[in-house]
Amino acid sequence: MDAAGVAAKPSLSRKPSPSFRLRNGSLNALRLRRVFDLFDRNGDGEITLDEMASALDALGLGADRAGLEATVGGYIPAGAAGLRFGDFEALHRALGDALFGPVEEEEPGKQGEDDDEGDMKEAFRVFDEDGDGFISAAELQAVLKKLGLPEARNLATVQEMICNVDRDCDGRVDFGEFKCMMQGITVWGA
C-alpha cells in the first residue's frame, strides 16, 4: 500500500526470465536443440502439433488444440508437417519477445564474461540439486530422468558420463570441470 492507503499495482518485469532465454547464444541454442529433440518424438526432424500437444501435456501445460494451432501454425512452413528446428527457434524467440520484450542487442564485445559465467552457474545449479557445489552421478541421473533421456536408465552409463569430465577423479563434477565441458561443446547450426 502507498501513503494514501491504495494498494500498489504489481509491476511486470520486462527482463527475460533467465530460465526462458540464456544470454549465452551457444548455451541457449544447445538447450533449444535438446528441447526440440525431446518434443520430436519420432525423430523425423519436425515437431507436429500432436507432438507439441503431447509434450506440453507431459509437462503439465496442457494446451487447447485451437489455441495451439493459432500460436504455432503460423510458424509451420507451407507443405511441412510441423516445425523444423529453425521454425522452433523463431517461435521461441517470438514468445520470448512477446512475454519479456525483445532482447537488447549489445555492442560487439560488450557482452562480458560475467554474463557467460552467470549462465554457466545457472546451468550448473540445475544439475547440482543439493547445492553442495558438485554434480554427482545420482544428481545427473535425476536430471536426465526428468528430461526423459534413455541414459538415465543405467547408473553405470551416468557414472561413465561423469568420469569423462571428472579431471580430478573424485567421482563428481565441480564447477570448473562443468565449465570446461560446456565450453568444449560445439552447437551445429547455431
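Any Cβ shown, glycine's included, is placed from N, Cα and C.
Annotated features, as they stand in Swiss-Prot:
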- 27-62: domain 'EF-hand 1' (DOMAIN)
- Asp40, Asn42, Asp44, Glu46, Glu51: Ca(2+) 1 binding site (BINDING)
- 115-150: domain 'EF-hand 2' (DOMAIN)
- Asp128, Asp130, Asp132, Glu139: Ca(2+) 2 binding site (BINDING)
- 153-188: domain 'EF-hand 3' (DOMAIN)
- Asp166, Asp168, Asp170, Arg172, Glu177: Ca(2+) 3 binding site (BINDING)
Summary of DSSP states over the domain 'EF-hand 2' (115-150), given as helix, strand and coil counts: 24 helix, 2 strand, 10 coil
Nonlocal residues around Asp40 (Ca(2+) 1 binding site), in sequence order (Cβ under 8 Å, 6 or more apart): Glu46, Ile47, Glu51
Glu51 (Ca(2+) 1 binding site) CB neighbourhood, other CB atoms within 10 A: 19
Residue among binding-site residues Glu46, Asp168, Glu177 with least C-beta crowding, 10 angstrom cut-off: Asp168
Distance from Arg172 (Ca(2+) 3 binding site) back to Asp128 (Ca(2+) 2 binding site), taken between C-alpha atoms, in Å: 10
Asp130 (Ca(2+) 2 binding site) and Asp166 (Ca(2+) 3 binding site), Cα-Cα, nearest whole angstrom: 19
Nonlocal neighbours by CB distance (under 8 Å) for Arg172 (Ca(2+) 3 binding site), same chain, sequence gap 6 or more: Phe134, Ile135, Ser136, Ala137, Ile162, Asp166
Set of same-chain residues at least 6 away whose C-beta sits under 8 angstroms from Glu139 (Ca(2+) 2 binding site): Phe127, Asp128, Glu129, Asp130
